[in-house]
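The next block holds one structure in the form of structure tokens; read it before the comments.
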Amino acid sequence: MATSLLRVAPPEELLRPLAVPERLLLGPGPSNVPRRIQAAGGRQLLGHMHPEVLQVMDEIKAGIQYAFQTRNRLTLAISGTGHCAMEAALCNLLEQGDTVLVAINGIWGQRAAEIARRLGANVYELLKPPGKYFTLQDIEQGLVQHKPLVLFITHGESSSGVLQPLEGLGKLCHRHGCLLLVDAVASLGGAPIFMDQQEIDVLYSGSQKVLNAPPGSAPISFSERAREKLLRRKTKPPSFYLDMGLLANYWGCDGEPRRYHHTAPINSFFSLREGLAMLAEIGLESSWERHRANCTQLCQGLLDMGLQLFVEEEKARLPTITTVKVPEGYNWKDITAFLMDNHDIEIAGGLGPTVDKVLRIGLMGCNSTRGNVERVLGALQDALKRCHRSRL
């Protein structure tokens, strides 16, 4: 009798089997998930307070400490993507009226500034054109002028392909009474970063890039300086879900008995644990070198094809994501569609300030191989023959 009340039929598309094509994901992320990590994520669920899950969380913490090169006790994984970690970092560090200086040379600085404004912070922007990086002199001028509580900067700017130098930046910030917040979503595991040695106060990343896990969990760590700032807050963080004090307890970072905070994405944690385990087995230095070598090979191949790299200085090129200028006479959408349709390869166009200007090719984690470099170069060579506007 109840069925007579139904006015919406079961959707026919859901009565068919799920169909997912096999593609080589060489865009700026996510990257392909290896079988080992797929298997980990496909394990049967356990309860989010089961001791076995808490043990996995402890192993994740240790893996993040290794990947970040930190001994910070306030180290955990946010239940959300890298965007969520960015928001968590800012909403815990900043209170209404606090001053933050945001270094913007691509979309992620723009996003950080937008979030900080929504939090009621006084936001000042330090600007560089996409494809360029900030020097210590650039940063110091901004610190002297604006006297911020926090400096936000992106280590791996995936929209432009820039690798931001970090050496000396933490010391500089602390000399001016400022905390250093670094986005390493696109760079972690692919380029050297030393959280403690470089005196970074808050560092975060994402699961879906070099770690080759599905999107949905985001490593983050707070230094003792940053943790003390959290303890001195006059108001509670505006987000209950992202309150680092509550999350620190759930993750066992505060020495107190663990209490329920939210139902964590257990299978995402299984996958993240396995991605961190694979990075630990390979070793950070080997991973950094592999990404450097394959990026160098890719860049040389692109130059040999007559293409122009977007980031001019070799030392400033992000090893995980290479940007190349869209060649004259081509539409980037035609090129990306051709690779998808004819070679089952994903690369991407620009994002934010680089829209319509670049193609972005990602080589991250297990996708960073000589074979994939040769495969994408061959596919691009084919696209350049077929996609010129004069042929359309």
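Glycine is treated like the rest: Cβ placed from N, Cα and C.
Record features, source TrEMBL:
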DOMAIN    45-376  domain 'Aminotransferase class V'
MOD_RES   Lys209  N6-(pyridoxal phosphate)lysine
BINDING   Arg360  substrate binding site
Point to revise | Euclidean distance between Cα atoms of Arg360 (substrate binding site) and Lys209 (N6-(pyridoxal phosphate)lysine), Å | key: 14
Review point. Of all the recorded positions given, Lys209, Arg360, which residue's CB has the most CB neighbours within 10 A?
Key: Lys209
Practice item. Could you tell me the mean pLDDT over the domain 'Aminotransferase class V' (45-376), as a whole number? Key: 97
